[in-house]
Every structure is written in structure tokens, then in C-alpha cells.
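Engineer: Copying in the features that Swiss-Prot gives for the protein in this structure:
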type	residues	note
SIGNAL	1-22	signal peptide
DOMAIN	31-109	domain 'Collagen-like'
MOD_RES	Pro39	4-hydroxyproline
MOD_RES	Pro45	4-hydroxyproline
MOD_RES	Lys48	5-hydroxylysine
CARBOHYD	Lys48	O-linked glycosylation site
MOD_RES	Pro54	4-hydroxyproline
MOD_RES	Lys67	5-hydroxylysine
CARBOHYD	Lys67	O-linked glycosylation site
MOD_RES	Pro79	4-hydroxyproline
MOD_RES	Pro85	4-hydroxyproline
MOD_RES	Lys100	5-hydroxylysine
CARBOHYD	Lys100	O-linked glycosylation site
DOMAIN	110-245	domain 'C1q'
CARBOHYD	Asn146	N-linked glycosylation site
BINDING	Gln199	Ca(2+) binding site
Amino acid sequence: METSQGWLVACVLTMTLVWTVAEDVCRAPNGKDGAPGNPGRPGRPGLKGERGEPGAAGIRTGIRGFKGDPGESGPPGKPGNVGLPGPSGPLGDSGPQGLKGVKGNPGNIRDQPRPAFSAIRQNPMTLGNVVIFDKVLTNQESPYQNHTGRFICAVPGFYYFNFQVISKWDLCLFIKSSSGGQPRDSLSFSNTNNKGLFQVLAGGTVLQLRRGDEVWIEKDPAKGRIYQGTEADSIFSGFLIFPSA
């Protein structure tokens, strides 16, 4: 046991002595810096860095490139507003003649318009130069106005008018008409009476009238004296011959 302890002490002393000797042997003064070495070889590429912030817009614009290929068609758009009507196209060629129609039903004369009137002078009022026939004898469908002396057309067509007026003096009368408020050509009839006897001045005509046209009798202011009494009557008449197609 004592031998082992002695051996351990000897080893410790030996190691202490060696460390002390080595420290004294390796210590030397500091040397000067050596010359720079040659550049080393490039290292391996590093890892990819993080994405940087967007840069500012460039000042210059690049040259315009070539036209690209057409893109794919997009979805159909919404219908637009209806446009204005276009101008009428040219008249086309006449079509072939159609087939003959079916024969219609027979007409009923009772359903046809039949305007007609007759009026005489009895106690007429004075209305300028218009000759008033105030007493109505016939006024089918009421075309004649006895307070104005005018016939007003309600059924377009061809009409016959006539008058017979009694006088003991020179007399000049006119059959006058208007259309759309505008006067038309008038027809004049005159009679000279030198003996102061009853004479009849008569006249008549056929007129084509439109709705609203008017017909009446006028007198010449200088030769318009008409007999008025119970011995003879003056009359004004008119009726539709046939309506316009």
C-alpha cells in the first residue's frame, strides 16, 4: 500500500517538472507580420437572398415590341341599347299578282249614308250676302244648317245642288263652296227683269266634296233682291249622288 502511494507522488512530481521545463523552453519573442498570402479560390455560391422591395419606375421607355398573338375570346357582353331606326331601304320589285279574292256579301242600301235636304225661304234672318233658306222640308242626316244657310259635308262623295229663287227684279246669285276653310271657285247665275213680274232664277251643279266642305247660296249686293211672300216660294236642295271610293 505504501509502495503505491509513493509511486503516485513520484508521477505527480514528474509531470509538474515536465510542464515547468516545457514552458521555459517554448516561450520566445513576438515575430514580425508575414507577407500577405495569395487570394484564395472563390467560395461556393451562397444561398438565395430574400426578395427585395420594388424599385422605382424607370425614366426611359423601351422600344415597342412586336404585336402579340390574339388572346382567347372573353365571355359574351351584355346586349347594347337599341339603336335609332335606320333609313328606309330602296323600294323592292313588285311581287306577283295575288289570287282573286272571294266575292263579298251583297250590300244593303239601307245601311248606306243618304244625306239630302230641301229648304225654302219663309222668315229668314239677314246674314250678309248669304241667302238663308230657313224652313227645312227635308234634312236627312242633318247636313243643312238652316240658321246659317250652309250645307256641311259629312260623307265624302259627289253631290248635286240646285236652287229656284223668285224675284221681280234683276237678280244675280252664286253657288259657293269652301274646302278646309278656303273658298273654291263659285258658279254665277243671273236674270234680268224689266217688267216687274215674277221670274224664276234657277241653277244647279255637281260637286265633289270632302268631309267638312261647305256649300251655300250668295247674292250680288247690287242685284240680290228676292221676293218674300205667300204667292211663291224659293227653294234650295242638295243630295248625295254616290260616295267617294
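Just so you know, glycine gets a Cβ as well, placed from its N, Cα and C.
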Engineer: By a simple count, how many Cβ atoms lie within 10 Å of the Cβ of Lys48 (5-hydroxylysine), its own Cβ left out?
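Structural biologist: Result for Lys48 (5-hydroxylysine): 6 neighbouring Cβ atoms inside 10 Å.
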Engineer: Going by DSSP assignments with H, G and I as helix and E and B as strand, what are the residue counts for the domain 'Collagen-like' (31-109)?
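Structural biologist: Its residues fall into 1 helix, 0 strand, 78 coil.
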Engineer: Rounded to a whole angstrom, what is the C-alpha distance between Gln199 (Ca(2+) binding site) and Lys67 (5-hydroxylysine)?
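Structural biologist: Here the two Cα atoms lie 106 Å apart.
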Engineer: Roughly how many Å separate the Cα of Pro79 (4-hydroxyproline) from that of Pro39 (4-hydroxyproline), to the nearest whole number?
Structural biologist: 75
Engineer: Going by DSSP, give the three-state secondary structure for Gln199 (Ca(2+) binding site).
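Structural biologist: Note: Gln199 (Ca(2+) binding site) is in a strand by DSSP.
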Engineer: Of the modified residues listed here (Pro39, Pro54, Pro85), which is spatially closest to the residue listed as 'N-linked glycosylation site' when Cα positions are compared?
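Structural biologist: For the residue listed as 'N-linked glycosylation site', the spatially nearest of the modified residues is Pro85.
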Engineer: Could you give me the DSSP helix, strand and coil counts for the domain 'C1q' (110-245)?
Structural biologist: 2 helix, 76 strand, 58 coil
Engineer: How many other Cβ atoms are found within 10 Å of the Cβ atom of Pro45 (4-hydroxyproline), counting all protein chains shown?
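Structural biologist: Excluding its own Cβ, the number within 10 Å is 6.
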Engineer: Specify the count of other C-beta atoms within 10 Å of the C-beta of Pro79 (4-hydroxyproline).
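Structural biologist: For Pro79 (4-hydroxyproline), the count of other Cβ atoms within 10 Å is 6.
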